């Protein structure tokens, strides 16, 4: 079973190794989705949404919101942001019968990147 929760943050970034509009400093309202794979526990939940929300806000949103992403993530493309979020959350979200399946980061309503557990291999 897959459990998903979406979040958002506002941040600036630039892509110094890219030739084009994104080379200059600019901002986005990013949206991202965290997907957990697991079996429901005795309460019928893969994870309590309240606990998931608190953990993601503490470990990800509080560190990225209203920042320049280049200070934390090298070449902060949607792909690299998704990787960073996945790597930040994988261990804290791990529990018996539950793991982080994927993270999807949206730079806008139509453009996203997905980092999946198998991408770590």
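Just so it is clear, glycine is given a Cβ too, placed from its N, Cα and C backbone atoms.
What you see is a predicted model, and the numbers here were worked out from it, not measured in a lab.
These come from TrEMBL:
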type     : residues   : note
ACT_SITE : 22         : active site, proton acceptor
ACT_SITE : 66         : active site, charge relay system
ACT_SITE : 107        : active site, charge relay system
BINDING  : 13, 26, 28 : Zn(2+) binding site
Pairwise CA distance, residue 13 (Zn(2+) binding site) versus residue 107 (active site, charge relay system), rounded so that it is a whole Å: 11
Of the active-site residues listed as 22, 66, 107, the one whose CA lies nearest the CA of residue 28 (Zn(2+) binding site): 107
Position of peak Cβ density within 10 Å, selected from the recorded positions 13, 26, 66: 13
Rounded distance in angstrom between the Cα atoms of residue 107 (active site, charge relay system) and residue 26 (Zn(2+) binding site): 12
Spatial separation of residue 66 (active site, charge relay system) from residue 26 (Zn(2+) binding site) - C-alpha basis, Å: 12
Of 22, 28 (the recorded positions), the residue whose Cβ has the fewest other Cβ atoms within 10 Å: 22
C-alpha spacing of residue 22 (active site, proton acceptor) relative to residue 66 (active site, charge relay system), in angstrom: 18
